[in-house]
Amino acid sequence: VHSSDNKTEYSFSVVESDSGKYTCRGERRSDSQRSEISDAVTLIVSALPRATLTVEPESSVFTGESVTLKCEIKGYVGWTYQWYKQAPWGGWTAVSQSVYHTVNRDTLTIRADTVINGDQYWCRGERHDRPTSSQNSSSVTLTVNEKPKPELTSSHKGAALIGNPVVLYCELDQSAGWRFYWSKHTQSPENETKPETHSYTISSVSVSDGGQYWCRAGRGTPVYYTHYSDALWINTTGE
């Protein structure tokens, strides 16, 4: 129950628990005569929409790789987005368009040489109509690992028999989202074979298939490449 002397309005900051039905009545000060109670009005208090922050790539980030953060707020349109990064002194500082950060509506791309292990980011939204702001997203912490190096193996041990198939495998612990590129000692790097899968099949081995092979993986746009694997020799034999 709230009383408000000589006022026809009552203002208060609401929380979700304030949802419910509200009525009012008047009381005359001279003789304490009360009016009838008004019809009830229903107040529904909803939580502000929450911003959700996601990271691309989703798995580990590697040295020399750029990172894109995406801020999503469901249920309403017309948001502008604010980005925040943990400052060296422990507080939070706003992030805006710069040579290190590219802001494009709901995404923030962090330049590769600016991605630092342990950096934390969060986002929020604002708009002109109600609700005029969102809840803050949870913060994300960037984990940066050394550039990976795949392992190249063969389905065949020893010399490959001419006419038989051989399958090469490019193995990477973090294989999700990677495309794979294959090279032979007779190829220049710009002429890599690009089947984009982690296996490379020689369906019928010939003498010309002998030699050294390498593989590497890439992901993202522009493409971020792993190290090349160690070389694998394919020796051919007719017996």
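Just so you know, glycine gets a Cβ as well, placed from its N, Cα and C.
Note that the coordinates shown come from a computational prediction; the quantities given were computed from them, not determined experimentally.
TrEMBL has this to say about the protein:
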type: DOMAIN; residues: 49-143; note: domain 'Ig-like'
type: REGION; residues: 126-156; note: region 'Disordered'
type: COMPBIAS; residues: 132-144; note: compositional bias 'Polar residues'
type: DOMAIN; residues: 150-217; note: domain 'Ig-like'
Predicted model, mean pLDDT over the domain 'Ig-like' (150-217): 87
Are there residues at least 6 beyond the ends of the region 'Disordered' (126-156) whose Cβ is under 8 Å from a Cβ of it, and what are they? 47-53, 55, 60-64, 67, 69, 71, 73, 76, 78-80, 82, 86, 115-120, 164, 166-174, 180, 213-217, 226-232, 234
For the region 'Disordered' (126-156), the number of residues DSSP places in helix, strand and coil: 0 helix, 11 strand, 20 coil
